[in-house]
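*Asks:* Quick paste of what Swiss-Prot says about this protein:
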- 20-117: domain 'Ig-like' (DOMAIN)
- 20-44: region 'Framework-1' (REGION)
- 45-52: region 'Complementarity-determining-1' (REGION)
- 53-69: region 'Framework-2' (REGION)
- 78-115: region 'Framework-3' (REGION)
- 1-19: signal peptide (SIGNAL)
Amino acid sequence: MDWTWRILFLVAAVTDAYSQMQLVQSGAEVKKTGSSVKVSCKASGYTFTYRYLHWVRQAPGQALEWMGWITPFNGNTNYAQKFQDRVTITRDRSMSTAYMELSSLRSEDTAMYYCAR
């Protein structure tokens with residue numbers, strides 16, 4: 001596989017053992033540079049609209065990097081300046097699911113992407 005032209009997106013499921021709250025993300029993605037990716041995060045075990053939902057990422061050997069948040073109740077968003085022009089966070093209240101779309105992918109976007117409450 002030619003990794004020069006592809007970007008690997010990995011996602012993880014996060015569980016809160018105390019409240020049985022779960023955030024379950026979509027699976028790994030391999031994308032070409034210049035393309036876009038949309039990752040989903042389905043919430044359960046709590047009222048989806050009551051909590052901010054954040055997206056963070058961690059590139060290999062790097063610290064966690066905050067990308068932005070959404071308020072599921074009204075859809076308000078706030079993005080880190082670094083991603084302002086390339087990231088879009090949305091939500092589907094009826095499905096208790098949030099989405100993070102990252103466009104104009106670069107090799108340095110190779111990372112683990114997490115949603116977090």
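Backbone N, Cα and C define each Cβ position, glycine as well.
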*Asks:* Please list the DSSP helix, strand and coil residue counts for the region 'Framework-3' (78-115).
*Replies:* 9 helix, 19 strand, 10 coil
*Asks:* Calculate the per-residue pLDDT averaged over the region 'Framework-1' (20-44) and state the result as an integer.
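*Replies:* A mean pLDDT of 86 is what the model gives the region 'Framework-1' (20-44).
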